[in-house]
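Look at TrEMBL and you will find 185-324 tagged as domain 'O-antigen ligase-related'. According to TrEMBL, the transmembrane segment annotation covers 16-33, 39-56, 68-84, 90-109, 121-142, 154-170, 182-215, 221-243, 264-287, 307-327.
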Amino acid sequence: MNQLKLDSKPKSQDKMWFYLLIFYLLVDIGRIQDVTGISVIRPGLLSIVLLALFVLAKGEIWPKEKEIKYIWYFIFLLAIYIPLARNNFYAYKTTTTMLLYMPFVLSVISFTSDPTRLRNIINAFLAISFYVAVTGIKNGGLGTGGYLADENDLSLYLNMVFPIFYFLFINEHKSKLLKLYYLAGALVCLVAIIISFSRGGFVGFVAVIFSILLFSENKIRNFFVLIVSVGAIAAFFVSDIYMQEMSTSSDVESGTAQERIQSWLSAFYMFLYNPLGVGGNNFQIHFPDYQTDYFRREMWGRVAHSIWFTLLPELGVIGVFLYINLMSSSIKKLFYVKNHSNQDELKYYNNLSKGLFVGMIGFFVSGSLLSVLYYPFYWYFLAFTVALYRVATKQIESHQEKETGLSR
């Protein structure tokens with residue numbers, strides 16, 4: 001059966017929940033309200049409220065998984081800074097932004113209770129990401145809007161999505177149509193990343209390619225597949241100007257690179273004087289107090305241009321502790337699934353875990369050059385990770401029980 005279609009028959013309530021998840025992604029990532037004129041009904045807020053009601057009805061506000069607890073702790077920490085921050089409004093908006101991600105995050109985990117639902121939500125997410133990539137190509141490197149309006153943010157997002165398309169392409173053997181779809185998704189992501197003309201995106205993409213090869217079973221075959229694909233697309237879309245621009249990615253003396261380094265130094269100074277942090281999005285408020293002599297005086301409003309150098313001064317040692325533990329816990333889950341799903345009937349989980357992990361690498365590498373700590377992409381990937389782990393562990397245990405029974 002073609003798995004692009006919904007091949008389960010859940011209860012009507014669960015079906016409505018699934019459609020709400022898709023609608024939320026269409027609004028949040030696809031930005032359909034900007035092209036359909038439905039923004040007047042506040043579709044984003046509407047979908048968040050409805051998803052929150054489903055979560056409350058399900059009673060899974062505080063799931064047992066460490067990742068979700070760490071996300072809640074992260075949000076609580078942001079909330080603590082609201083009355084303490086120099087700019088209370090920025091701290092408040094950062095907290096509410098993170099809080100509004102939670103209905104979707106919790107809904108993905110609660111809804112995705114079996115293999116079919118996992119495939120359906122991943123395919124829906126990829127279909128919307130396919131649209132985002134095509135829009136990026138059509139717009140000359142600019143995304144759908146919102147978090148994806150900027151070419152740097154678009155390339156970062158597609159660096160996360162590309163490996164999922166790629167590993168599911170490698171995984172798919174039953175449906176030629178589905179395999180072709182995954183291949184097309186990987187290719188449009190690649191084209192959009194190149195067209196985005198983003199140096200941060202380029203650095204992240206290089207890390208993604210190396211990581212794909214590292215986790216590929218047939219490294220030689222996949223090396224040639226990637227080289228041929230990238231080379232063929234580059235021949236059509238890469239210009240001399242692009243190559244010159246990308247060649248400056250390692251030039252730390254150039255204008256933008258040096259500005260980033262100086263911003264990071266300023267962030268470190270800010271952390272040293274404020275080891276507990278200055279509050280969400282308050283780096284830009286405090287920047288004039290800690291900026292280096294490289295910048296002109298009173299550079300109010302400058303951001304850190306890095307996940308890490310946003311996290312360090314804004315949330316301090318506690319925030320760093322929570323974020324590192326969150327990363328560690330989610331990576332352990334992905335590696336557990338990868339290492340225990342090498343059998344043919346479990347290969348989907350194996351390849352999806354690789355895709356999510358390499359996607360996170362793309363986020364962390366590209367995000368090291370961008371201020372995307374509070375963007376939704378990584379938090380959504382954490383939801384997919386927990387959902388995958390829940391479903392995969394049941395299937396792995398079932399498979400092990402069957403093997404144990406056969407060996408007796």
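Each residue, glycine too, has its Cβ placed from N, Cα and C.
Only sequence-distant pairs (6 or more apart) were considered; of these, at least three Cβ pairs between the transmembrane segment (39-56) and the transmembrane segment (16-33) are under 8 A, so the stretches are in contact.
Between the transmembrane segment (68-84) and the transmembrane segment (264-287), three or more CB pairs separated by 6 or more residues in sequence fall under 8 Å, so the two stretches touch. Take the transmembrane segment (264-287) and the stretches 16-33, 90-109, 121-142: counting Cβ pairs under 8 Å, 90-109 has the most.
Confidence across the domain 'O-antigen ligase-related' (185-324), taken as the mean pLDDT and rounded to a whole number, stands at 82. With a threshold of 8 Å between CB atoms, the same-chain residues lying at least 6 positions outside the transmembrane segment (154-170) that come near it are 122, 126, 129, 132-133, 136, 141-143, 147-148, 179, 182-183, 185-186, 189-190, 192-193, 196, 198, 200-202, 204-205, 208, 211-212, 216, 222, 348, 351-352, 354-356, 358-360, 362-363, 365-367, 370, 372, 377, 381. Of the candidate ranges 16-33, 90-109, 121-142, 121-142 has the most C-beta pairs within less than 8 angstroms of the transmembrane segment (182-215).
Using a Cβ-Cβ cut-off under 8 Å and counting only residues 6 or more beyond its ends in the same chain, the transmembrane segment (121-142) has close neighbours at 3-4, 18, 21-22, 25-26, 29-30, 108, 111-112, 148-151, 154-155, 157-158, 161, 164-165, 168, 182, 184-185, 188-189, 191-192, 195-198, 352, 380, 384, 387. Panel annotation: around the transmembrane segment (16-33), residues 6, 10, 39, 43-44, 47-48, 50-51, 54, 104, 107-108, 111, 117, 120-121, 124-125, 128-129, 131-132, 144-148, 376 of the same chain, lying at least six beyond its termini, place a Cβ under 8 Å from a Cβ of the stretch.
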